[in-house]
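Student: To start, I am sharing the structure in question, which I have written as structure tokens.
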């Protein structure tokens, strides 16, 4: 099922990815999107959200650094994107960390139909209402079954769920996939998950099947990180970051096919 041709479609079409994102990761996300062949726009003024919804091929909402004006812009953009038929991706950064973040995400979910939600296990557990010990914006620890969390959120919100971790879990509520790739250095650079959300958005923009797009995005991204690590003389995050950007720019279908470890199933048992 997964031929990774979505990657080639991203390069051919250069989708316009509208990011309402946080101040920590904006630069890295923009450069990462450029590396894979997408076209990023990092805009958050509420006055231009309606126009951008008609221009963009996908909207990616990231709640990493919130304020009231930004939340209002997110809501306007999300509603306008829904009207325009533009897919919308949510990255609920640290949703379990504070009551304000939980409130904002609840409001966004109530007002916007999201095509996909990508986060770590702690973030998706918070959305699912499952017990989990969050550690700020990091995944933290919990005993809930990650596949069950993905299934619950996907079905409740009619969306594709991407739970990032040592093994990524992707589900649309009826289909499930695990991606067992990725460099151990990815969690050591800030914004690697946020960039993955944007990359998933760019794949979804050019592929009608959001589940397939998300699986291929996760696998391609993780495999690129493994190739980047192979180029390192010393396994340090500062050296890894630019090599990872180069690996994203030199992605190929053949490279991804050669290393991707995907396990797919039709149902969660």
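Just so you know, glycine gets a Cβ as well, placed from its N, Cα and C.
Okay, so Swiss-Prot annotates it like this:
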BINDING   42, 191  substrate binding site
BINDING   118, 164  ATP binding site
Student: I need the CA-to-CA distance for residue 42 (substrate binding site) versus residue 164 (ATP binding site), whole Å please.
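Tutor: The separation of the Cα atoms works out to 23 Å.
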Student: Excluding near sequence neighbours, so keeping only residues 6 or more apart in the same chain, what lies with its CB under 8 A of residue 118 (ATP binding site)?
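Tutor: Correct list: 89, 90, 91, 161, 162, 163, 164, 193, 196, 197, 200, 214.
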Student: Could you check the binding-site residues 42, 164, 191 and say which one's CB has the most other CB atoms within 10 Å?
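Tutor: That would be 164, with the most Cβ atoms nearby.
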Student: Indicate whether residue 42 (substrate binding site) is helix, strand or coil by DSSP.
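Tutor: Assignment for residue 42 (substrate binding site) reads strand.
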